[in-house]
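Taking it in order: structure first as structure tokens, then the write-up.
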Amino acid sequence: MREPQMCSVLCRITLDAKAAKQFQEKIDDEYRVNMILDNLPLVVPIRRLDQGSPTVYQLGYHVGLKGQYTGSKEEKFFIHNHLAFTVKYHRDPQTDSARIVGFEVKPYSIKHEYEGKWSENTRLTTCDPHTKHTVVNSNTPQEVEANKEIIFTYDVEYQESDVKWASRWDAYLLMSDDQIHWFSIVNSLMIVLFLSGMVAMIMLRTLYRDISKYNELETQEEAQEETGWKLVHGDVFRPPSNSDLLCVYVGTGIQFLGMVLVTMIFAVFGFLSPSNRGGLMTAMLLLWVFMGIFAGYASSRLYKMFKGTEWKKISLKTACLFPGIVFAIFFVLNALIWGQKSSGAVPFGTMFALVVMWFGISVPLVFVGGYIGFKKPAIEDPVKTNKIPRQIPEQAWYMNPIFSILIGGILPFGAVFIELFFILTSIWLNQFYYIFGFLFLVFIILLITCAEITIVLCYFQLCSEDYLWWWRSYLTSGSSALYLFLYATFYFFTKLEITKLVSGMLYFGYMLIASYAFFVLTGTIGFYACFWFTRLIYSSVKID
């Protein structure tokens, strides 16, 4: 520590044909080398050309570069074989001890030369601390070819810094584009205000008028001429087809909502710092497991309302359906990475630990929640359900279920898509995402948007005497997940340069999991908004 090194020779190797080919492939695919010193990732500082802009940090340095010699058209591969490290430290004035607050590198490609035969004491002529001859450029780069020798060297320079140890991550998490995030928030708020206006109009004017009109019906003749949403009061709480599956998805959505909400709150208060690598993922997994109790409770409460009797069956489905599908996709993706002999594959022990957490903690908690939820008295419907279902009149083209479901997903997606761009960039382009305050705001806006658009479309549906709202309310806001996946596909072809099949499959596999989770989350919000809305309006009219 604090002892500079100059031209330290690390090793000298001669590449065989196979190694040279592998290096060339890595350089062609723009692979980067990542290093960590005292839990700080290595960065390459890149000065912005426009004055006044802060230095941008690129994580890791490129293995090498492609280029041509002057006057030649042939493309050659050059390797970065000399690294000039700069370690920044903050000195404690009392004890004179120091702590590392920065870890930077400038990579160079240089064809090292020496005189005579190589031995342990050989001094390089291209980089020699005794003659103060250091590497400052890559004018004579080191080619990557079979049977060529490469000498790897490095310098270490120590610089005192005013940055305190507690603030050393600030440079990594520098927000260079907070204006775009504010634009994202404003964009989302405009959507919310527009929707809130519509909901307020429906609630205050139309509904108020409807309810007062329905409650003022004096004569039997007038009562016979019921129209609109009051007409379907005898069918609106009829259990839907596949009600078991709906209960399972609603329970899973509650589990997901709880996990996201608690994770966000922890992140906003700064408990999930990126300096604690993997902290966010670990927190999410643990919260998911412990939120199982709410999943069981929500699904069995709804199941009992639909006159279900086998709470154990519904709890088992809730505990296994969503995690089972996600785990199956994840297992296939992990097998692909493992087949590529990548260090990114999740080891077998970790997979086993995940399964133990799932069946050892999550499943029992879902059953506990299911038992508590089923023991409670069933939710009473505000109006009686007729024995014979009434016929649904022919609907206008714009009230077609598929059309209205697809329309319903546009606005929730529109409220989050700018923030989504930053999240995708941080995941796939190796950047830090640490603006949880913005993310939390966008998340709240997403909840409101999902609820409002579903209520608006549900009201229109009931007014056109179509009472099959249960599934449609879930799918209306849930369809935003379809747009999320389409956007991820668009992002793949416009922003990423992925050519390998396995890499492409990984991208789409993980985005499929993310979209599926988004569907469950948004769908549940829409469902509960509609559930509250229909109970509210039907409990406020007098039914003979």
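Using N, Cα and C of the backbone, Cβ positions are placed for all residues, glycine too.
What TrEMBL annotates here:
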TRANSMEM  182-204  transmembrane segment
TRANSMEM  246-272  transmembrane segment
TRANSMEM  278-298  transmembrane segment
TRANSMEM  319-339  transmembrane segment
TRANSMEM  351-374  transmembrane segment
TRANSMEM  395-428  transmembrane segment
TRANSMEM  434-462  transmembrane segment
TRANSMEM  474-493  transmembrane segment
TRANSMEM  505-533  transmembrane segment
Would you kindly list the residues that approach the transmembrane segment (395-428) from elsewhere in its chain, counting only those six or more residues past its ends and only Cβ-Cβ distances under 8 Å?
-> 177, 180-181, 183-184, 187-188, 191-192, 195, 435, 438-439, 442, 445-446, 449-450, 453-454, 457, 460-461, 464, 466, 468, 472, 475-484, 487-488, 491, 495-496, 507, 522, 526
Top partner of the transmembrane segment (246-272) among 182-204, 278-298, 351-374, 434-462, 505-533 - counted as Cβ pairs under 8 Å = 278-298
Give me the stretch from 278-298, 319-339, 434-462, 505-533 with the greatest number of Cβ pairs under 8 Å to the transmembrane segment (182-204).
-> 434-462
Among 278-298, 319-339, 351-374, 474-493, 505-533, the most Cβ pairs under 8 Å with the transmembrane segment (434-462) come from 505-533
Recorded stretch, among 278-298, 319-339, 474-493, 505-533, maximising Cβ pairs under 8 Å relative to the transmembrane segment (351-374) = 278-298
Folded-back contacts onto the transmembrane segment (505-533), same chain, C-beta under 8 angstroms, at least six residues removed = 246, 249-250, 252-254, 256-257, 260, 322, 325-326, 329-330, 332-333, 336-337, 408-409, 412, 428, 446-447, 450-455, 458-459, 469-470, 473-482, 484-485, 488-489, 492, 496, 498
